[in-house]
Amino acid sequence: MCYTTSIVPQMLFNLGSSTKTISYIGCIIQLYIFHIMGGTECLLLAIMSLDRYVAICRPLHYTLIMNQHTCILLVSIMWMTGVIFAFSEATLTLQLPLCGVNKLDHLLCEIPVLIKTACGEKEANELALSVVCIFILAVPLCLILASYASIGHAVFKIKSSEGRKKAFGTCSSHLIVVSLFYGPAISMYLQPSSSITRDQPKFMALFYAVMTPTLNPFIYTLRNKDVKGALGNLVRNICKCK
């Protein structure tokens, strides 16, 4: 919620207004909140894959391994890591001189676009962004892939089709969210800012800032029988009314 609301209200205001502006302080606040929340989201998705791994590969030990103390510790570490990495990279980006440029050809204040807009030497900032993204994007993605490789190996050992179906159902929603979130983020952040095309940041921002959060509730809740039943009743009532 914090991740989405840090950018969507301002984005909607600018899209519906003839004066598409944001104050410098507002841009800085948006820069920090957006990247702190986005970075933490990447890390939390990795921890969710670890939870799925323990649930399927170590089901009898799940309550022992993923107890409340462990969950709070893991989430706290992910939040601290996301805040530290995003805060340090955003602060480093703000040190770049803008040389009088006060226009961003983008929907929000985002690090790659600010680096591309700034003048002066940018190589150090691009290198720092790449290093941060390796820890925030590449390493968690590798952990997710490793977890699901082990999960897939364990699932194919299950003899009953009902057991396999249940295991795939446990992982499917998380896999869809990971694909929707990591795909655009990697294509945006794990490439040099100088190679980013003009319209690419806008498309990617709409995708991982608007589309993915909008789809998340449907992806996670449609596994619930009550939610599916209520949705089916709603659709049937709409069809009857028409």
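Positions of Cβ are set from backbone N, Cα and C atoms, glycine also.
Sequence annotations record features per position, and here TrEMBL assigns domain 'G-protein coupled receptors family 1 profile' to 1-220. Feature annotation from TrEMBL assigns transmembrane segment to 22-50, 71-88, 127-146, 167-191, 203-222.
Tertiary proximity for the transmembrane segment (22-50) is limited to same-chain residues at least six positions away from its ends with a CB under 8 Å from its CB atoms, namely 2-3, 6-7, 10, 14, 74-75, 78-79, 81-83, 85-87, 89-90, 93-94, 104, 108-111, 114, 136-137, 139-141, 143-144, 147-148, 174, 177-178, 181-182, 185, 208-209. If you take every residue in the domain 'G-protein coupled receptors family 1 profile' (1-220) and average the pLDDT, you get 84.
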